[in-house]
Every structure is written in C-alpha cells, then in structure tokens.
Amino acid sequence: MIKNLLNKRKYITVSSVELNDTELNEDEKPNIPSGMWSKCEKCAKILYTEDLRENFNVCPNCGHHFKLGAYERIKYLTDENTFVEFDKKMVGRNPLDFNGYEEKIKGYQKKSHVIEGVVTGEAYIAQRKVVLCVMDSNFMMGSMGTAVGEKITRAIEYATKNRLPLIIFTCSGGARMQEGIYSLMQMAKVSGAIYRHGRENLLYITVLTNPTTGGVTASFAMEGDIILSEPGCLVGFAGRRVIEGTINEKLPDDFQTAEFLLEKGFIDKIVQRKDLKQVITSLLRMHEVDYE
C-alpha cells in the first residue's frame, strides 16, 4: 500500500492566460523592417539579408545561389560606375493582340524594376572593355520576346563593330508565348548576329544561370566560345516530365543540371558566383588581341 502511495502521480493545475495583440502598445511591438531576413530555398536557414548581399546572394550555410536581378549582377561583375546601358527604354509590343499582355508587362516592370527581360550595355571588367547582356528572370521569367531579341542583337552588332568581347548571362524560361512566332524568330536573329561576331574572331562567353531553358538554350546560350555556369543551374530545352513522357524512360536525378552537363562536356566550367569576375578577367586576359 505504501509503495502505491509513493508511486502515485501528482498533477498541478495552471490557469490559462489569453494573450492578444491589444495587450501590447504599438510602441512596444517589435519593429522588423520588411526584407530584413531571407529564407534559403534549399536549406531553409533564416539569413540576415545584408549579410546575404555581402556574400554575393549565396547562402553561407549550403552554398545555394539565390536569384539575382540584372542590375545586381552587373554591379558584382563590372568595375564601379563603368556600365553604360543600351536601349534602356525599348519595350516589347503586342503583335498578336494577346489579351492582357500590355497590363502584364507593366505589372512586371513595377515588380522587377527593369523595363524588359534583358539589360544590355558596355562596361569595364578589370579595366577591359566588354559588351554585356544580362537576362533577368524577375521579368516574365526572362522569357525572350521581340524586345529581348532586338536588344541582344543590337548589343552583339555593337560588339562586332567595335571589336569587343561579348558576355551574355542567360536566365530564361524560353520563348515568350504571348508573341508567338515573332518570339521564336529571335532565336535565329540572335544566332546570326553571334555568327557574324565570331567570324571576326571575337570572344563570346556565355554564363548559364538558373534556370536556362527553352529557346534560349536551343540558341545563343550554348553557342559561346567558352560556356560557364553557376552551380546547380537547371539547363535544358523541354521539361523533365515532357521528356520522360516522350521516351517512356526515367531520367537520372541530376539530369538537366550544370553538373550533369559539365560531366558530358556541354559546358566548360562551373564557377562560384564570388569567383566569376576573377575567372572572366583571366579569360579576357588570355584572349586579348591588339587589333591596331
């Protein structure tokens, strides 16, 4: 009996207290500015946004490369205050009268702070003059419409005329469906301009970023003299499920990744974002030619 008494469980009752926001004055509430913290898409770690920016928008915990806007990427890559933009106000039209397309473009312009899906211009990298085209996935997933194709083509023609090396950062979901065949023809137009640039023995470097797919992959993304890529990028033409459904086979887990393409010889080197400027500088130095 005594043993049973000693082993008997005892409970304590705690009265519940209801908490709500009205118990705190507005001045007492924590004030956390919007955008102060960022969550890594890969490891789910919460990161201080300012620290993330100082680390080239790469997660210090798992190495995941966050999405970069065109102007951010240009800032990381080029010598300070040397970038001069081309065709800044060029915007795509609506050749097929696609319902709601103009409103969609205006919405993305406001959200992404870029006018179109690519930013082009000339700049200096380690005191070497280059022509840059940087696609921005924040604007309609970097899709290639008539304005994107025209801006890239004009930039390439400028590089050819002035005998400058060309660097294109690709990031795209492919051709822009709202512009139909006008969008698809940009593949041939840009490729033709690249051919003429190469015919002058001028250097063309492509840097694949996440994601690079569709018509961009099928044209100028894979036409570089040297093809670099950031780690872990999705690079391909058709989607994984489409391919598996067509061939009735299971694809490898790493299919359509930069690492898979490097192993198969489709790209030349995978480069960490923090090392890109150094690697590109070395390539420019190795290919320097005095044309005078």
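Using N, Cα and C of the backbone, Cβ positions are placed for all residues, glycine too.
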Given 40-62, 201-223, which one carries Swiss-Prot's zinc finger label?
40-62
Which are the residues of the chain, CYS40, CYS43, CYS59, CYS62 excluded, whose CB is within 8 A of where the CB atoms of the Zn(2+) site average out, their centroid?
GLU41, LYS42, ALA44, LYS45, LEU47, PRO60, ASN61, GLY63, HIS64
Using a 10 Å radius around each Cβ and counting other Cβ atoms from all shown chains, which of the binding-site residues CYS59, CYS62 yields the largest count?
CYS59
With DSSP helix as H/G/I and strand as E/B, how many residues of the zinc finger (40-62) fall in helix, strand and coil?
6 helix, 4 strand, 13 coil
I'd like to know the mean pLDDT over the zinc finger (40-62).
89
